[in-house]
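Peer 1: Here it is, the structure, as structure tokens.
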């Protein structure tokens, strides 16, 4: 007989693994990737492949040569970072910039803190915001959907609906005038608008959300609280003055809100651990997003909102605890 | 919508391989090794000596101290020696060795199979009889039952909950007992109700045992105040606090006993033992135990005498598979891995689970990715990832604040963790340390 | 120009105000500290190991200054020399203490103590010990997961991969006692370092009966009592089948080492014996 193995209980495991979760997210990102290929064609393909490959390469190099660890690039997390970074970029971004973004994402956003599990900020967003601040021109020239399918850097560009709106409100145009300039709701829902390549197709992102919820990769708390907060906040503004403030549905479908709420805010590492904490986190993201969009200088605020709330995550974890068993004990009948 | 407990929980693969196999009575062992510490609390004090002749059911060791239990001879024969024997953990413990020469029972024990329904004893007499018979919680906790039946002054019990959940995967002993000993269980429950002077009892059974639910439902009609509550399958529903929450929606406060919310929980097996002790005067000398595992050729449920070597149970189930990597006393979630098979059946042995090599070892641990799945799974609303870190770093005061003592060691966190982190290993250590610190503070 | 002037003026005023406030606060909240605390702290080793029983060297210095009688206090790292210095500053008497060193009282390596189980839990002796007796037949012996090495702040210990036992690097060990506390099996003990670092101890803590202990481990103390009988100084006692050598009474005559049938008694740093058993004995003493 073999020597018996002795270990503390439990002696069985769910079979869940980091890889399964990571690849689950990757599968959930596929509908959005297909939509981006449909709308932005070659550009989307080049940007996505470059970003993913660069993220994998940097992760491998840093793990192997800087940290002297066994590289674990196939755990899927670098692929997700690469995909999410690409989804947050315009499809005509020069390759060099994508590589810089990937280097910042993986090098500064993730590995500098000790790798998977230790980074305080969402790595893809760190890279994206770095690029946005460093290269504002390239980062805000958006290729037109469908029209520029077959071209990469020299694509025809236009503004995103949110930018059109922001400029318009600033220059005093009425909401009725502006509504004609921005795409219809159905086009917004399908993704037929200018924007980062992964953020445009609401329907594809929602399919991804459904998949992740069914597979129990994430819980509903963060996406629902982000979306609900944005809807309620912009809804109140819209009710107060429909001429000044656009409808909540428009806010929901534009500017990467869904991408952020579903894929970026729910990043395991940088989001809170308890369900009440997740809701606080989501509400915070929603509020900050609307504040930036409506009152701030940038037309778009999801990335910043998520990064700001990432910074609050340790605080939320410290003070907002899950509901403990027995806290609401009913009094005993005498 | 079936009821279940309100926080966390997981659903491991059930693997109830032996659910359809009736309880078989195991042959008497040639030598019975009766451990003196089979229960929580002080080990029993031997009252026999080497060379004494004992009859089946005769008292051989007496409870010593308040939390302790009597132990009786499981066979008739000669006391060979009182000596050290390695227990399931490999530590040497005192045990009484009896050389079996037959099965001659004490005359006071009623061995007829007839069901005796009338309860003639008073509540105090019932509790005394239970203490005399050495009955302990048969679900695995092995807490002496008579203490649980005497609520502390000022506390009143208004409901009895019977645990027929058997939420541990693989185990089927309670399931079979419910199917085969329904009448005896009902009388046992009636006895418990009388002892506690309550008029309501609920038997909680998970919905994966529809035959037991139907069977007991039929039986319960003849008894006043006993009802069956089918529950949604969810681990760890068999935990005392979870079961109370599931059945009557009351949550036991942190650090308190179930009596705080007016409930007493007893296991199905305990109810049967109580029937036999009170109505038949038979002490706790045998129990039903499941022998199971995917590699076991004939998994089954056996009625075995206390002190029977585990090896004879395995042999009755077709022998030890060659690829055995791990043997677990109890279920896979909370059971204890045995260091050897040369240990005897005790009052708390609910199952013997044999795992092949490939399932025996854990996967390598990875970084915590802070996915919060352990937090979602924890039935006590704790944060296992945090407790593990606090315990690793020895920050005991913080661990106490984070309610490490509320942990019921169900293992849901370790089970769920995608990074295969040994959360419960560390939390359990933290519980030990914090417990020591708290005890030294009250001294 | 005026902008520059205003800026400079504002900053100067701000700075001055802050300086006044800080000075006032420093005066008002000044805490008197015995200057001897700093002096004593300066002579302490600054290891902050906690071996003295106080949280860090500063706290120990405070305790030394405060205590009337410091003979019960000891800095294990600095030893008698440092204590004498500290006592000099304070004008108090330090107790004369012999230098100590940690010893590992288990010699059950993989060859002599066969494994009976595989441990597969979290890699920590404390966790393994709370789970079960150990992965060998001996439920007293070293678990080999290295909690003691993790606890050592002085790099004075390492796990010997061949034997699976911890080894103490004598020159680095300061006898702070961290490993003693970390070991759940209470195997490590602080003993007198002895003259020329020579010492003799029983390298076993097994309390099982002789036969049981011997079966689990070839080098276990079986409590046979031969050493107790042969010891001319009455330094050896046997309780619960286990011999113990009192380092206060032991005169290092090595008679017990010779008679021990299982080689459980170890002699350290002795010169090799002249005749017959030379080979055997040098092999037995650990390399350090």
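Backbone N, Cα and C define each Cβ position, glycine as well.
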Peer 1: According to TrEMBL, B:368, B:371, B:374 bind [4Fe-4S] cluster 1; so which of B:167, B:247, B:417 is the extra one listed there?
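Peer 2: Looking at B:167, B:247, B:417, the one TrEMBL places in the [4Fe-4S] cluster 1 site next to B:368, B:371, B:374 is B:417.
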Peer 1: Check TrEMBL: it lists B:407, B:410, B:413 as binding [4Fe-4S] cluster 2. Then name which of B:157, B:378 it lists for that same site.
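Peer 2: Looking at B:157, B:378, the one TrEMBL places in the [4Fe-4S] cluster 2 site next to B:407, B:410, B:413 is B:378.
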Peer 1: What three-state class does DSSP give residue B:371 ([4Fe-4S] cluster 1 binding site)?
Peer 2: coil
Peer 1: Roughly how many Å separate the Cα of residue B:410 ([4Fe-4S] cluster 2 binding site) from that of residue B:368 ([4Fe-4S] cluster 1 binding site), to the nearest whole number?
Peer 2: 20
Peer 1: Which of the three DSSP states, helix, strand or coil, fits residue B:413 ([4Fe-4S] cluster 2 binding site)?
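Peer 2: Looking at the DSSP assignment, residue B:413 ([4Fe-4S] cluster 2 binding site) belongs to a helix.
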Peer 1: With a CB cutoff of 8 A to chain A, go through the binding-site residues B:368, B:371, B:413 and name the hits, or write none.
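Peer 2: Listed in sequence order, the binding-site residues near chain A are B:368, B:371.
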Peer 1: Just to confirm: which same-chain residues, 6+ apart in sequence, have a Cβ under 8 Å from the Cβ of residue B:417 ([4Fe-4S] cluster 1 binding site)?
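Peer 2: B:373, B:374, B:423 - these are the non-local Cβ neighbours of residue B:417 ([4Fe-4S] cluster 1 binding site), listed in sequence order.
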Peer 1: So which residues does the domain '4Fe-4S ferredoxin-type' (B:397-427) touch in its own chain, when a touch means Cβ under 8 Å and the partner is 6 or more beyond its ends?
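Peer 2: Sequence-distant neighbours of the domain '4Fe-4S ferredoxin-type' (B:397-427): 8-10, 12, 235-236, 239, 241-242, 254-255, 333-334, 362-369, 371, 373-374, 376-380, 382-388, 390-391, 433-435, 437-438.
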Peer 1: List, in sequence order, the residues of the same chain other than B:368, B:371, B:374, B:417 whose Cβ lies within 8 Å of the centroid of the Cβ atoms of the recorded [4Fe-4S] cluster 1 site.
Peer 2: B:369, B:370, B:372, B:373, B:384, B:385, B:413, B:416, B:418, B:419, B:421, B:423
Peer 1: Beyond B:378, B:407, B:410, B:413, what residues of that chain have CB atoms within 8 A of the centre of the [4Fe-4S] cluster 2 site's CB atoms?
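Peer 2: Counting only non-site residues, the set is B:8, B:374, B:377, B:379, B:380, B:382, B:384, B:408, B:409, B:411, B:412, B:423, B:424, B:427.
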Peer 1: Between residue B:413 ([4Fe-4S] cluster 2 binding site) and residue B:368 ([4Fe-4S] cluster 1 binding site), how many Å separate their Cα atoms?
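Peer 2: So the alpha carbons of residue B:413 ([4Fe-4S] cluster 2 binding site) and residue B:368 ([4Fe-4S] cluster 1 binding site) sit roughly 12 Å from each other.
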